[in-house]
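K.L.:
Quick one: this structure, given as structure tokens, is what I'll be asking you about.
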């Protein structure tokens, strides 16, 4: 134990184990997805902020979701691309812990916002006359603040739990970025408190959110099926399609990644890493596409922006 340290000066990121020679080529699709995520989510934030007709709870939640996706993808992708293209494998102990916190906390905040959006759909469909009173813009902002505090408080202990561990042997992480489970596996001392708290936090945040989202949609489906006409039922379901797509894009990779981390020890490490990279990029890429395609105001505004840009280019070409 005398040779053990409670911190490493640095950790070494492997990237994709066994495919190090192909890192350069893996960087291009990742950069493309990251660029789409940045562009799409920035557009959503800009349109919701500048279009007064979108200053309603559902779209304010969407703006929050886009901001979270920007932060979540940006917390990892620059380092991943530096690793893949410039072989920048080193990450300091404190930077690793900070990255770990942001990944877990932002995921928890996003989960809370998705729950709030499900509640918005429930009130809008099951209690439409009370929607404006129950969910006004002030309440929406307060919910956003609660989501921020909830995600931060639940996952702030993870870096502190890592700091109490001793690392005696390897400082090599078989991943592209730092997550609690992978850093914990390098520790020499007892990690049971880390395992128990990590699992408890996930169940109390994501587990509870999934349960209440499922309950919301059970009540929504029951209410919609009681509507008299087919067109009314289709219209009511149509208002939920975008949110359902976003929920699936977030929770399906998250659940799959959690199962692989805890029960997939026999799987090739490549599976762990690729699933982790997909989990961080899939929601930020898909969310603005889903809402852009399904929301007329956003779709119209985006098309108008491109039309104005094209008209300016044509005028500039004509003047020359």
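Just so it is clear, glycine is given a Cβ too, placed from its N, Cα and C backbone atoms.
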K.L.:
From the topological domains that Swiss-Prot annotates, would residue 53 and residue 272 count as being on the same side of the membrane?
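P.N.:
According to Swiss-Prot, residue 272 sits on the opposite side from residue 53.
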K.L.:
With the ranges 25-45, 172-192 to choose from, which does Swiss-Prot describe as transmembrane segment?
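P.N.:
That would be 25-45, the stretch labelled transmembrane segment in Swiss-Prot.
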K.L.:
Under 8 angstroms, Cβ to Cβ: which one of 54-74, 99-119, 139-159, 273-293 has the largest number of such pairs with the transmembrane segment (196-216)?
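P.N.:
The listed stretch sharing the most Cβ pairs with the transmembrane segment (196-216) is 99-119.
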K.L.:
Flag the pair the transmembrane segment (237-257) / the transmembrane segment (99-119) as in contact if three or more Cβ pairs fall under 8 Å (sequence separation 6 or more).
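P.N.:
Yes, the transmembrane segment (237-257) and the transmembrane segment (99-119) are in contact.
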K.L.:
When you measure from the Cβ of residue 178 (disulfide bond), which residues in the chain that are at least 6 apart have a Cβ under 8 Å away?
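P.N.:
Residue 178 (disulfide bond) has long-range Cβ partners 11, 13, 91, 96, 97, 99, 100, 103.
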